[in-house]
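A.B. asks: So Swiss-Prot has the following annotated:
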type	residues	note
BINDING	Cys68, Cys73, Cys79, Ser308	[4Fe-4S] cluster 1 binding site
DOMAIN	80-297	domain 'Radical SAM core'
BINDING	Cys94, Cys98, Cys101	[4Fe-4S] cluster 2 binding site
Amino acid sequence: MSKPIQMERGVKYRDADKMALIPIKTVAVERQEILRKPSWMKIKLPADSTRIQGIKVAMRKNGLHSVCEEASCPNLAECFNHGTATFMILGAICTRRCPFCDVAHGRPVTPDANEPEKLAQTIADMGLRYVVVTSVDRDDLRDGGAQHFADCISAIRAKNPNIRIETLVPDFRGRMDRALEIINAAPPDVFNHNLENVPRLYRQVRPGADYHWSLKLLENFKVANPQLPTKSGLMVGLGETNAEIVDVMRDLCRHGVTMLTLGQYLQPSRHHLPVKRYVSPQEFDEMKQEALAMGFTHAACGPFVRSSYHADLQAKGIEVK
């Protein structure tokens, strides 16, 4: 499809259609050029998928979305089978068009005012004790969706008084002060915002985002809420070096971040950014030791680690790979 002159509201643009809208073009990779996955990247699917289907049905019934499905997470089967999911609020259409991400791009619809209550009830029905709430970027909203986050946090706590809530927020570009003012009034238990990759590759990997802005967002929340942990994550395998990853880790430490996730980037389709390298489990272990030596209190580093992968265990300091 050629580049649309005007995107239709509510239409999801994916793969080649989404990439056509990015200023820095990504050339589709031919099948023979795709790096072969090493043995440690093989996923064993669960024999029983009953619980997986149950969670999907609950999501559809309440009109909710999970980032697990929308972003094609490789851990979906494992997490759903254990009765956990990362809820994605504010719709399933992102105003950004990052070429590593499988979430659809487009003009999103008006946020569902009933979503906080539906989300809270679904979490109660699932009996969750720890929940991760994330969102698409909503550059079309004055507060970037911050009030919706706050409403969801309040609604979840009202129906689930003993729950712990982790939020994985967008960068609130151009509206950080207003967004944090709203979120600080009803803060989560863990505040997460991913840097995703190293600053040298930002223009290609995160078009529309700013490395230093993201660091400032994490720092400003920490200053306002010194008792609460802040968290960030990176993908490896996009062309960065291990030395650059270590430099980012140092930047995060300097900005008060205490929880870190590092995981292998996987290409969602041949139209997305290609995998440049597969990082070995041994290298991930070395990065973890480096992170802990720097002062991180929690560091989950491994090929299948994602920001919200076993987030409840990460928060307890239990090793996750």
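Just so you know, the numbers here start at 1 and follow the chain as drawn.
Any Cβ shown, glycine's included, is placed from N, Cα and C.
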A.B. asks: Other residues with Cβ within 8 Å of the Cβ centroid of Cys94, Cys98, Cys101 at the [4Fe-4S] cluster 2 site?
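C.D. replies: Output for this site, in sequence order: Arg96, Arg97, Phe100, Asp102, Val103, His105, Val136, Asp137.
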A.B. asks: Cβ-Cβ under 8 Å from Cys94 ([4Fe-4S] cluster 2 binding site), same chain, 6 or more residues apart: which ones?
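C.D. replies: Looking at Cβ-Cβ distances below 8 Å from Cys94 ([4Fe-4S] cluster 2 binding site), excluding near sequence neighbours, one finds Cys101, Val103, Ala104, His105, Gly106, Pro108, Val136, Asp137.
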A.B. asks: Quick one: Cα separation, Cys79 ([4Fe-4S] cluster 1 binding site) versus Cys98 ([4Fe-4S] cluster 2 binding site), in Å?
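C.D. replies: Just about 24 Å between their Cα atoms.
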A.B. asks: Please report how many Å separate the Cα atom of Cys73 ([4Fe-4S] cluster 1 binding site) from that of Cys98 ([4Fe-4S] cluster 2 binding site), as a whole number.
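C.D. replies: With the alpha carbons as reference points, the distance is 16 Å.
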